[in-house]
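Okay, so here's the structure we're looking at.
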Amino acid sequence: MNKFSRIGFIFAAAGSAVGLGNIWKFPYITGEYGGGAFVLVYLLCIVFIGLVVFIAESYLGQASEANVSSTFIKMSKTKNPNWKYAGFMVFAGLFILAFYSVVLGWILNYIIVSFGNLPNSAQAAGNSFNTLISEKIGLQILLHSIVALITIFIVLKGVKDGIEKINLILMPLLGVIMFGLLAYALTLDSFSKSIEFMFRADWSKIDENALLAALGQAFFTLSLGIGTIMTYSASLPQKNNFVKSSLYVAIVDTTIAIVAGLIIFSFLFAAGAKSSAGPGLVFISLPVIFEQWGTLGNIIAVAFFSALLFAGITSAVSMIEPVLMLFIERFNMTRKKAVAICGSIFYIFGIIALLSMSSSYKESLTFFGKNAFDWMDFLTSSISMPIAAIITCIFLGFFVDKEKIKNKFTQHVPVAIFNIWYVLVKYIVPLAVTILLLNKLGIIK
Ligand code: VAL
């Protein structure tokens, strides 16, 4: 198997982590839950839960050098073949990719729109976004097809020539654009208000829903519970320090989320707009603000949506790769055949997702009050990602030889760090995530 270079791995894993979750989801969820206190809870979730699971996945991948299914069998004390079923978690990635590709299609549309006339009122912006998602089915299918083809083209080339290369190009570009946008936001008077909003805690807004949202976001943003980190780590050279690499990725991911939040809230507050606009925040509120800035606004809009696209593409490839590896290694498929199958699955489900929001098909594609798009998001981010994380932690804590894990950790970090991580992974994280999950499902109050 072609291995990543060390830097290639960090770029690829950071490229996977940094995505729509950081620049689209994080700011609007933070806005909905009132800012500061939510950010703090989110940071705690990243450090004590997200990073712990990230290191767990990284360890498993690097130690086994195999696809997710085989990893579980190979690493279990008894080599029990039934552990292969844990490999099912990778399919969640395909379903996320289905609706993710649709959103990337909208972003592509906004890059094109940003070259011309942007909407000049909140109402006009709302109308054009709503028309896009409810009426323009053909356009959305076209955009979704372009994104799907780009994703397929990259993964066809494999880990080293496809994924590593694209990340080495797009991640620095993303960094430059984000830095430029931050520099511009710094010149606005509203920047200090944005800092205050993101860092002054209003605890009254924190309830169990906020806790769950923060936890879900921590999983989503670090690409956990879909086998991505395990799969990428399987291509991490043995001598590399997986704990340090995990830490770097978590730091990059968190920094980009916070910077994206600061930029977006500065823009919103500069125009006196609301911070709690929900998922439409970047598609409705921002274009109106950019419009008020004239040609500079057009340039900023193109830069902003391009950053979103770049971040999203590097995440998209990371969601399909675990399934490809599984098909290639376990079913002896060629990469081409695996890509054709996985590509078709996410492409078709993407179309179902976009149709479920259109005025013509909404009704037939809405089940128990949620449309297909929302179901895909809910079942993956809120259900299967946490369950996969619980399984991974319990597996490591109870079914893998502790000495074996300890040996690998202590090649890179002091034993004290291993001990803390081990207690977290074995008891604290699975317990905390289970309680939150059962609470969300209404099974416990
Ligand atoms: N982690 C990415 C994101 O935040 C994907 C892979 C879910 O968008």
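Backbone N, Cα and C atoms are what each Cβ position is placed from, and that goes for glycine too.
The following features are taken from TrEMBL:
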TRANSMEM  35-56  transmembrane segment
TRANSMEM  85-112  transmembrane segment
TRANSMEM  137-156  transmembrane segment
TRANSMEM  168-191  transmembrane segment
TRANSMEM  211-235  transmembrane segment
TRANSMEM  247-273  transmembrane segment
TRANSMEM  293-317  transmembrane segment
TRANSMEM  338-358  transmembrane segment
TRANSMEM  378-400  transmembrane segment
TRANSMEM  412-438  transmembrane segment
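Proximity of distant same-chain residues to the transmembrane segment (35-56), defined by a Cβ-Cβ separation under 8 Å and at least 6 residues beyond the stretch ends, is recorded for 26, 29, 196-203, 205-206, 210-211, 213-215, 217-219, 221-222, 224-225, 229, 242-243, 246-247, 249-250, 254, 258, 261, 275, 389, 392-393, 396, 421, 424-425, 428-429, 432-433. Here the transmembrane segment (137-156) has Cβ contacts under 8 Å with residues 97, 101-102, 104-106, 108-109, 162-163, 166, 313, 316-317, 320-321, 324, 335-336, 339, 343, 346-347, 350-351, 354-355, 358, 360 of the same chain, all six or more residues outside its ends. Using the rule of three or more Cβ pairs under 8 Å, pairs at least 6 apart in sequence, the transmembrane segment (338-358) is not in contact with the transmembrane segment (247-273). Put simply, of 85-112, 211-235, 247-273, the stretch with the most CB pairs closer than 8 A to the transmembrane segment (293-317) is 85-112.
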